Amino acid sequence: MPELPEVETTVRGLVPFLEGQRLAAVTTFRPDLRRPFPVDLAQRLTGATVTRLSRRAKYGIVSTDRDDHMIFHLGMSGRWRTEGGEPGKHDHLLLETGAGHRLFLHDPRRFGSIDLVAGDPLASFAAFVTLGPEPLSDDFDAALLARAFAARRAPVKAMLLDQNVVAGLGNIYVCEALNMARISPLMPAAGVPKAKLAALVSAIRAVLTAAIAAGGSTLRDFLSPDGDLGYFAKDWRVYGREGEACECGGAIVRVVQSGRSTFYCRKCQR
């Protein structure tokens, strides 16, 4: 599933094609993805001008001068493509601009979603109401983690994947950050020493910043809007590297936590 860096890469890739552009036509090629498209999607967006593109957690937001906001989630296999042409088998939504750009939402597995809200999307979209802070914002710090982790027996990895604790983190980048901070993903959250919480915050910021700069990670389906791969996968410290050597010299192992693969080094992550 695309995580924060992939969605940020997508939003940045859409800006040159959508921001400041009038939406000349909006076309859906099926009635639904994970859930139905909004019935008034085309009516409310056609003729509107896109004023801003932004991101919250793993969602992208397309805002218009009508104070309508189209919120997209890429699901497991979704991506936007900007090369134009005719719709393909797995293209389910088309945005056409007055400048002639044709942007397709491509989603083979159809686990993505499109929502449309009026007014402030951060206040009016239900999925945003309980989200934790953005990990690259000033609101995310060691004190916040200390409060969230207090008396919690759940593994630290599970807590970091909880979108109510911190928004946008997923399996890949949590594995990477825990390795950088030298913290075992199996450790109960309450057991993480306070001295290590600042290191964990720094590691999360560093991993996400590097991943965004590299265009995210391509695991199976993800491509940026212009069709580029996400090159951060070449720099993974532990993710997907079972049996290889950690930079400390220890062996990277894979375990399963809550149905997800966890990669870490038993030598340096304690």
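Note that Cβ sites are derived from N, Cα and C of the backbone, with glycine treated the same way.
Feature annotation from Swiss-Prot assigns active site, schiff-base intermediate with DNA to Pro2; the stated evidence is sequence analysis. DSSP assigns Pro2 (active site, schiff-base intermediate with DNA) to coil in the three-state reduction, outside any helix or strand. Neighbour density for Pro2 (active site, schiff-base intermediate with DNA): within 10 A of its CB lie 27 other CB atoms from the protein chains shown.
Residues annotated as active site, proton donor in Swiss-Prot, with sequence analysis given as evidence: Glu3 (among others). Just so you know, the Cβ of Glu3 (active site, proton donor) picks up 23 other Cβ atoms within 10 Å once every protein chain is counted.
What Swiss-Prot records for Lys58 (among others) is active site, proton donor. Listed in sequence order, Met1, Pro2, Glu3, Leu4, Val7, His73, Leu74, Ala167, Gly168, Gly170 are the same-chain residues at least 6 apart in sequence whose CB falls under 8 Å from the CB of Lys58 (active site, proton donor).
Cβ environment of Arg260 (active site, proton donor): Leu161, Asn171 lie under 8 Å away, each six or more residues apart in the same chain. Mapped onto three states, the DSSP output places Arg260 (active site, proton donor) in strand. The active site, proton donor annotation in Swiss-Prot covers Arg260 (among others) and is backed by sequence analysis.
If you draw a 10 Å sphere around the CB of His90 (DNA binding site), it holds 17 other CB atoms from the protein chains shown. DSSP assigns His90 (DNA binding site) to coil, not to a helix or a strand. According to Swiss-Prot, the DNA binding site annotation covers His90, Arg109, Arg152.
Taken from Swiss-Prot, the feature zinc finger applies to 237-270, supported by sequence analysis. Sequence-distant contacts of the zinc finger (237-270), counting only residues of its own chain at least 6 positions beyond either end whose CB sits under 8 Å from a CB of the stretch, comprise 155, 157-158, 161, 171-172, 175-176, 178-180, 182-187.
Per-residue confidence over the zinc finger (237-270) averages 97 (mean pLDDT, predicted model).
Taking H, G and I as helix, E and B as strand and the rest as coil, DSSP gives the zinc finger (237-270) the counts 0 helix, 14 strand, 20 coil. Listed binding-site residues: Arg109, Arg152. The one with the lowest count of other Cβ atoms within 10 Å of its Cβ is Arg109.
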